[in-house]
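Undergrad: Grabbed the feature section from TrEMBL, which reads as follows:
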type     : residues : note
TRANSMEM : 20-39    : transmembrane segment
TRANSMEM : 46-69    : transmembrane segment
TRANSMEM : 75-95    : transmembrane segment
TRANSMEM : 116-135  : transmembrane segment
TRANSMEM : 150-171  : transmembrane segment
TRANSMEM : 192-217  : transmembrane segment
TRANSMEM : 229-252  : transmembrane segment
TRANSMEM : 310-328  : transmembrane segment
Amino acid sequence: VPQDPMDFEWSYWIEWGREHILWLLAGHLLVSQVSRLLVEKYKPWCLMVYGMAACWLLLGIKGFAVILLHATISFAVAQFQLSVLTWLCSLTLLSTLRIPAVEEAKRKWYDTENEYYLLLFTLSVRCLFCTSFSLEYCWHGPAQKSSHSFLWMLAYVFYYPTFHNGPLMNFDEFSKQMRSQEAFSLKINLRILMVGIMRIFFWWCLAELMIHLMYIHALYNSAPPLEAASYWALGGLALAQVLFFYVKYLVLYGVPALLLQMDGLKPPALPCCVSLMHSFTKMWRSFDVGLHRFLIRYIYVPMGGSQSSLLGTLISTALTFAFVSYWHGGQSYLWYWGALNWLGVIVESGVRKILSVSPIQDLI
């Protein structure tokens with residue numbers, strides 16, 4: 001049965017995975033286990049060198065240089081220890097990915113469009129990592145600068161399992177876990193690896209089955225069937241699409257999460273099943289846990305969050321969703337998506353506060 005070709009993301013990452021990325025991740029696993037066994041103290045630097053080599057191999061010298069340049073600029077700006085300046089730098093670097101002349105120049109570095117997109121996706125994710133490191137640098141005093149050196153930034157930015165597509169892990173968690181030297185058992189690690197591979201293989205088979213038999217995305221790209229369908233059928237199609245999205249990310253985040261475990265790190269929790277969700281807030285908290293932690297720690301809480309006035313909460317939530325929309329590409333449909341999510345979260349929060357008032361509680 002031919003597969004539904006309309007889901008670009010799945011086809012794209014599966015193709016890259018088969019050809020290159022899975023082999024490079026296997027190489028990372030080997031380097032990680034050998035370094036944990038023989039030179040635990042130097043594990044972060046062994047993995048950093050491997051990540052840089054893998055980046056060079058896949059993205060070429062120019063792609064590697066651009067990522068290194070982004071990291072260097074972010075680190076240089078972080079020296080001023082001003083969060084506002086760090087955010088301006090991050091947003092400026094992110095905006096350079098959308099300048100047509102820069103896009104055209106980068107496209108010329110590669111033979112295929114897919115290679116250019118790999119650089120684009122990698123730079124977008126690296127931008128979040130650079131932002132996390134730089135803000136942590138701004139917030140920590142001189143006594144903790146040794147654990148926030150440029151070398152540690154490179155170890156974090158070039159950590160290969162999360163390199164191309166995430167999941168996101170904030171620098172404070174990464175450095176704390178990477179520096180703690182836990183007891184290492186090859187036997188236990190092998191057991192974790194085998195169970196993890198079986199689970200990921202099951203999810204991959206399920207995703208392939210859905211994309212070969214359900215044609216959800218092809219239907220979404222064709223107006224006549226949608227116009228002819230009843231509201232119940234449209235609801236079913238919408239549910240089928242988000243369920244496929246969930247299974248897809250179990251695979252795309254499951255592979256790096258398994259490698260994080262093998263490295264002795266605790267990965268962000270994998271997405272929670274969308275069928276168990278009944279609120280916007282829960283969806284944001286438990287689908288992409290790494291991104292949620294980033295947004296809360298670096299945008300929502302510093303802007304006041306739920307501890308500020310009603311207007312302050314509205315603004316901090318709006319800024320959080322505005323950043324998410326801009327980071328994902330900033331197209332008009334993403335601004336609508338962000339605005340609707342913002343509205344959903346605000347309405348839920350308002351209803352929750354109304355229901356918590358004692359007269360309403362007594363009535364309930």
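Cβ coordinates are placed from backbone N, Cα and C, and glycine is handled just like the others.
What's the neighbourhood like for each of these?
TA: Away from its own ends, the transmembrane segment (20-39) comes close to residues 13, 46-47, 50-51, 54, 57-58, 160-161, 164, 184, 186, 189, 193, 255-256, 259, 262-264 of its chain (Cβ-Cβ under 8 Å, at least six residues beyond either end).
Counting only same-chain residues 6+ beyond the ends of the transmembrane segment (150-171), those with a CB under 8 A from a CB of the stretch are 13, 16, 21, 24-25, 28, 44-45, 47-48, 50-52, 54-55, 67, 71-72, 74-75, 118, 121-122, 125-126, 128-130, 132-133, 136, 178, 252-253, 255-257, 259-260, 263, 265, 267-268, 288-291, 293-294, 297.
Under 8 Å from some Cβ of the transmembrane segment (192-217) lie the Cβ atoms of residues 1-4, 6-7, 10, 29, 237, 240-241, 243-244, 247-248, 250-251, 254-255, 258, 261-262, all in the same chain and six or more residues away from its ends.
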Undergrad: So which residues does the transmembrane segment (46-69) touch in its own chain, when a touch means Cβ under 8 Å and the partner is 6 or more beyond its ends?
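TA: The answer is 20-21, 24, 27-28, 31-32, 35, 39, 106, 109-110, 115, 118-119, 122-123, 126, 151, 154-155, 157-160, 163, 263.
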Undergrad: Cβ under 8 Å to the transmembrane segment (116-135), counting only same-chain residues 6 or more beyond its ends: which ones?
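TA: Here the qualifying positions are 12, 16, 55, 58-59, 63, 66-67, 70-71, 74-75, 77-78, 83, 86-87, 89-90, 93-94, 97, 106-107, 109-110, 148, 152-153, 156-157, 162-166, 168, 170-171, 291, 294, 298, 327.
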